[in-house]
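Enquirer: Sharing a structure, written as structure tokens. Questions coming.
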Amino acid sequence: MHSNVGLAGLAGLLATASVCLSAPADQNITSDTYFYGQSPPVYPSPEGTGTGSWAAAYAKAKKFVAQLTPEEKVNLTAGTDANNGCSGNIAAIPRLNFPGLCVSDAGNGLRGTDYVSSWPSGLHVGASWNKALARQRAVQMATEFRKKGVNVLLGPVVGPLGRVAEAGRNWEGFSNDPYLSGALVYETVDGAQSVGVATCTKHYILNEQETNRNPGMEDGVEVAAVSSNIDDKTMHELYLWPFQDAVLAGSASIMCSYNRVNNSYGCQNSKTLNGLLKTELGFQGYVMTDWGAQHAGIAGANAGLDMVMPSTETWGANLTTAISNGTMDASRLDDMATRIIASWYQMNQDSDFPSPGAGMPSDMYAPHQRVIGRDASSKQTLLRGAIEGHVLVKNNHSALPLKSPQLLSVFGYDAKGPNALKQNFNWLSYSPAIQENHTLWVGGGSGANNAAYIDAPIDAIQRQAYEDGTSVLYDISSEDPEVDPTTDACLVFINSYATEGWDRPGLADNSSDTLVKNVARKCANTIVTIHNAGIRVVGEWIDHENVTAVIFAHLPGQDSGRALVELLYGRANPSGKLPYTVAKKVEDYGSLLHPSLPETPYGLFPQSDFDEGVYIDYRAFDRANITAQFEFGFGLSYTSFDYSGLQISNPKQSPQYPPSAAIQQGGNPHLWDNIVTVSAEIKNTGRVAGAEVAQLYIGIPNGPVRQLRGFEKVDVSAGETTQVQFALNRRDLSTWDVEAQQWSLQRGTYRVYVGRSSRDLPLTGSFTL
């Protein structure tokens with residue numbers, strides 16, 4: 001949209017826009033010229049410099065690219081057809097021993113193939129609050145990609161962040177808090193790339209709803225993709241934050257998103273690509289489109305786009321033509337090719353890497369070579385990951401763990417396994433509220449993959465019953481089942497579904513709520529497990545006296561049932577915490593409950609205005625003093641923990657803005673200078689060992705009441721005490737100064753809060769800068 005627009009041209013565009021502002025409110029705007037200039041143009045596209053750890057890879061890449069013909073350079077920039085099951089392919093250059101690239105979904109496990117694992121989802125890892133677990137999951141999951149000949153893992157996800165409660169893809173990301181999301185994406189990128197598989201962190205940026213995410217036809221008229229309209233401060237403090245952590249970790253590629261940003265498409269937005277990503281953050285890798293997200297030709301390349309997937313109709317020979325006629329500099333094409341090849345070298349894929357797509361058959365149901373991606377060494381991480389993402393939110397009368405039950409009654413559609421386990425079976429053409437025919441272990445769309453097996457709750461419960469001599473009655477289809485009055489406990493299983501392509505129809509469904517209430521009416525010990533692909537409100541029944549325990553089980557992957565039984569019987573102690581806020585009623589989410597819809601005069605150009613600024617989720621609840629059902633960071637354990645001994649070091653006196661320095665990957669290196677250290681002691685005051693997530697929140701002057709700025713998950717034996725430490729760096733303590741275009745330390749008193757959740761903070765203190 002903004003290609004080659006100089007100051008005079010920009011002034012003209014702004015003048016045009018000012019004229020258009022007088023359009024009648026009851027008539028739709030019909031031309032995108034109305035929006036010109038709303039996303040500032042940033043040109044030229046900066047060349048990769050090979051800074052830091054990228055130096056050797058860039059030296060090799062420049063030498064490689066210098067040997068290429070113009071056509072070979074162009075071929076590196078767009079996907080091509082190949083006889084394999086990869087999501088996308090880059091063609092080989094045999095004369096230079098470049099075998100091409102296979103890129104494949106997703107951040108939840110390898111999609112579209114066999115002999116791989118279905119891992120706990122991003123949301124499930126977010127609920128674990130475990131950085132070491134996030135890294136180990138990434139290492140072992142990426143190893144499966146490597147064995148299958150996949151060069152680029154299309155993940156992890158930190159966009160959507162989770163602004164909209166009903167958004168369909170929130171389950172793919174970690175949390176709607178940028179700090180938690182950023183800490184976990186750093187570990188995920190670093191872990192996956194440690195085994196030589198490139199990550200493609202996505203979806204950059206502000207892809208916060210599925211509704212109108214792509215342009216489409218409405219009554220024969222084209223409707224543009226939704227525009228996420230945001231101010232610079234909110235962009236930096238919320239949505240760019242986790243992408244910055246991904247770049248800091250060295251993410252080899254970034255996927256630009258379908259939506260528009262300030263009315264310029266994400267894959268041709270020079271402000272977000274050239275300005276924020278490649279200049280401010282010092283990104284050294286390449287920018288890849290989401291599938292079909294290219295909406296411009298040369299303008300996209302000039303705006304910072306490097307690779308189009310799965311193919312292109314507007315680049316190809318047009319790139320060389322553009323260079324010859326001066327529309328595009330030859331150096332831009334060289335930089336595109338160099339960034340792509342440098343990432344290949346950075347991952348050491350030029351040596352001892354399987355042939356691209358070697359284990360990705362084009363047709364899984366036709367004869368093909370068996371390539372085993374799974375490894376027995378992953379079993380522990382699969383199970384541990386599944387366990388730690390469960391969050392116990394209610395446990396009256398110590399209903400859990402179960403105590404040698406003689407009779408268990410199991411109810412609910414979510415208890416059983418699927419009738420069939422097929423390739424990517426759960427990509428639906430619409431989004432129902434629930435998956436009513438089977439347990440939910442993963443969401444839908446490109447983030448889903450094929451499990452090696454599904455261990456459903458009813459199967460795991462019956463295995464345990466066999467060992468214990470417990471009788472099990474079950475009815476997994478009735479909405480109002482009969483209940484044996486002598487049963488020790490009634491286990492009710494429901495779910496809440498979400499998928500790519502559609503936003504959720506709500507945060508609860510009447511059928512599931514009715515089932516819970518019907519069972520609770522007849523059973524004095526009703527234990528509810530919810531497999532939820534996002535926020536699920538429970539106000540209809542959470543306070544029922546017979547609902548004794550509730551678990552948010554999220555999306556645990558293939559070891560779902562096995563993990564749950566470990567928790568139900570106390571062999572594992574719940575340690576998960578909510579990575580989002582559960583409201584008492586959906587109205588408490590305000591304007592951020594539903595996705596934005598087209599409205600006159602923007603019926604043809606849907607607008608989503610991020611007017612709430614940084615106040616989403618718990619920040620919004622804190623500002624409005626709304627009592628949540630279960631606050632951000634909340635989660636129960638079978639033991640108890642006391643907090644004491646808060647200590648705050650003398651802060652390092654620092655200038656308001658970071659000292660000038662050469663930009664490294666991740667931005668100004670002084671952003672990571674430590675300013676102050678906070679420590680506290682945690683004592684396990686219960687009778688069993690457990691893990692606690694100690695959370696640090698900071699009240700920054702002139703900012704939200706409090707913001708997460710540290711967390712540590714520690715194992716503590718019964719009666720023992722351990723210390724946790726939180727190092728706070730410059731970025732942690734800064735706000736974005738729009739005028740200075742810098743992170744700025746605030747002068748004044750910073751409040752310090754340490755505790756169990758965003759609302760349970762027994763330790764408080766302060767320091768002054």
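Every residue gets a Cβ built from N, Cα and C, even glycine.
Per Swiss-Prot, the feature active site maps to Asp290; the stated evidence is similarity to another entry. If you look up Swiss-Prot, you'll see Asn28, Asn75, Asn262, Asn318, Asn325, Asn396, Asn437, Asn510, Asn546, Asn625 marked as N-linked glycosylation site. The signal peptide annotation in Swiss-Prot covers 1-22, and the record cites sequence analysis as its basis.
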Enquirer: Check Asn28 (N-linked glycosylation site) against DSSP and tell me helix, strand or coil, would you?
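Expert: Asn28 (N-linked glycosylation site) sits in coil per DSSP, no helix or strand.
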Enquirer: Just the number: how many Å between the Cα atoms of Asn510 (N-linked glycosylation site) and Asn28 (N-linked glycosylation site)?
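Expert: Cα of Asn510 (N-linked glycosylation site) to Cα of Asn28 (N-linked glycosylation site) measures 37 Å after rounding.
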Enquirer: Fewest other CB within 10 angstroms, which one of the glycosylation sites Asn75, Asn318?
Expert: Asn318
Enquirer: Ten-angstrom check, please: count other Cβ atoms within 10 Å of the Cβ of Asn437 (N-linked glycosylation site), all chains counted.
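Expert: Result for Asn437 (N-linked glycosylation site): 13 other Cβ atoms within 10 Å.
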Enquirer: How many neighbouring Cβ atoms, not counting its own, are there within 10 Å of the Cβ of Asn325 (N-linked glycosylation site)?
Expert: 9
Enquirer: Round to the nearest Å and give the CA-to-CA distance linking Asn396 (N-linked glycosylation site) with Asn546 (N-linked glycosylation site).
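Expert: Distance between the two Cα atoms comes out at 9 Å.
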Enquirer: Does anything in the same chain, at least 6 positions from Asn546 (N-linked glycosylation site), have a Cβ under 8 Å from its Cβ, and if so what?
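Expert: Asn546 (N-linked glycosylation site) has long-range Cβ partners Ala520, Arg521, Cys523, Ala524, Asn525, Thr526.
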Enquirer: To see if you understand the setup: which same-chain residues, six or more apart in sequence, place their Cβ under 8 Å from that of Asn28 (N-linked glycosylation site)?
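Expert: Sequence-distant Cβ neighbours: Thr600, Pro601, Tyr602, Gly603, Leu604.
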Enquirer: Based on Cα distances to Asn325 (N-linked glycosylation site), point out the closest of the recorded positions Asn75, Asp290, Asn318, Asn437, Asn625.
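Expert: With Cα distances computed to Asn325 (N-linked glycosylation site), the winner among Asn75, Asp290, Asn318, Asn437, Asn625 is Asn318.
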Enquirer: Please report the distance from the Cα of Asn75 (N-linked glycosylation site) to the Cα of Asn318 (N-linked glycosylation site), rounded to the nearest angstrom.
Expert: 12
Enquirer: CB neighbours of Asn510 (N-linked glycosylation site) within 10 A?
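Expert: Its Cβ shell of radius 10 Å holds 11 other Cβ atoms.
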Enquirer: Measuring CA to CA, name the entry from the glycosylation sites Asn262, Asn437, Asn625 that ends up nearest Asn318 (N-linked glycosylation site).
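Expert: Nearest in space to Asn318 (N-linked glycosylation site), counting only the glycosylation sites, is Asn262.
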Enquirer: Where the distance is taken from Cα to Cα, which of the recorded positions Asn262, Asp290, Asn625 turns out closest to Asn437 (N-linked glycosylation site)?
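Expert: Closest recorded candidate to Asn437 (N-linked glycosylation site) by Cα: Asp290.
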Enquirer: Could you tell me which of these glycosylation sites, Asn396, Asn625, has the fewest other Cβ atoms within 10 Å of its Cβ?
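Expert: Minimum Cβ neighbour count within 10 Å, taken over the glycosylation sites Asn396, Asn625, occurs at Asn625.
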Enquirer: Tell me the Cβ neighbour count for the residue listed as 'active site', meaning other Cβ atoms within 10 Å of its Cβ, over all protein chains shown.
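Expert: A count of 23.
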Enquirer: Secondary structure at Asn510 (N-linked glycosylation site) (DSSP, helix/strand/coil)?
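Expert: Once the DSSP labels are grouped into three classes, Asn510 (N-linked glycosylation site) ends up as helix.
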